[in-house]
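According to TrEMBL, the features are:
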type: DOMAIN; residues: 1-74; note: domain 'IGFBP N-terminal'
type: DOMAIN; residues: 77-143; note: domain 'VWFC'
type: DOMAIN; residues: 233-307; note: domain 'CTCK'
Amino acid sequence: MMYCNCSGQCSCPDVAPQCPPGVSLVPDACSCCRVCAKQMGEFCTERDVCDPHKGLFCEFGSPINRRIGVCTAKGGATCVIGGMVYRSGESFQSSCKYQCTCLDGAVGCVPLCSMDIRLPSPDCPMPHRVKVPGKCCEEWVCDAPQHTNSFVGSVLAAYREEETYGPDPSMMRENCLVQTTEWSACSKTCGLGISTRVTNDNRECRLEKQSRLCMVRPCESHMEQSIRKGKKCIRTPRVSKPMKFEISGCTTTKSYRPKFCGVCTDGRCCTPHRTTTLPMEFKCPDGQVMKKQMMFIKTCACHYNCPGENDIFESMYYKKMLGDMA
């Protein structure tokens, strides 16, 4: 029997488990340890919780027998992708490169292939990705220069000459050019999502992926009702009352009045244009405090370059976001 017995002290692993792509890391039913949430159709118990971010709950079938249930989705709109219909909360692989989840009519995807970026270096001056036969994901290869003292040498010399310039001169090292990619589009069109970027702005000049929370707009916000008479869009509305953000049952210690991207009635969509990143503290039911970076919107742009309904590649359609490059 696996009844939820929360008596006694918590005994958790030193390192949190590594969940597969698209699977949430959530507190267990006792709010004691962090575990990988069970997914649609998987067996669940009162301790092994279903993924709350996908609207899943443990269906035991009978109120008497609460030993083992099956993760089931709460009522929500389905998604239609490539002629296939997916239920809300159901995960699927759209291709060998993406793992996607349907959530109340919206689709969110995470890449299964590595998104790392390799910058030029003395031992690899011209890195580029190539398609490998029999493999889905492209891999990095290094082309050896034909003449070591030619163009490549001058490029690397230029890197050394520029070592006193950059976001932080103390970060610049020999043969290291500090570079940072732009933040990616938010992984969700409404509700809390993730935005990422890659940088080598550290003392080891090592590429690392940074992430921040993001919210383009709240779900079910009904912003159309706020569009003024004679106007077709509400571009960057600010919430009227302070609000707190929540993730995995943990809420921010402070309240905020953020700006969100609005909506249009003429077929245009509004997406973030200028953003900034601020640190936030979340307090969990067990008293644990975690710090996260969060995107805050300064301005939004409304345009016709919009993704189609349930388009799994919707982030490619987003206008370029400015700011947060340092």
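Even glycines carry a Cβ here, placed using N, Cα and C.
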Structural state census, the domain 'CTCK' (233-307) (DSSP three-state): 0 helix, 43 strand, 32 coil
Helix-strand-coil residue split for the domain 'VWFC' (77-143), DSSP-based: 0 helix, 33 strand, 34 coil
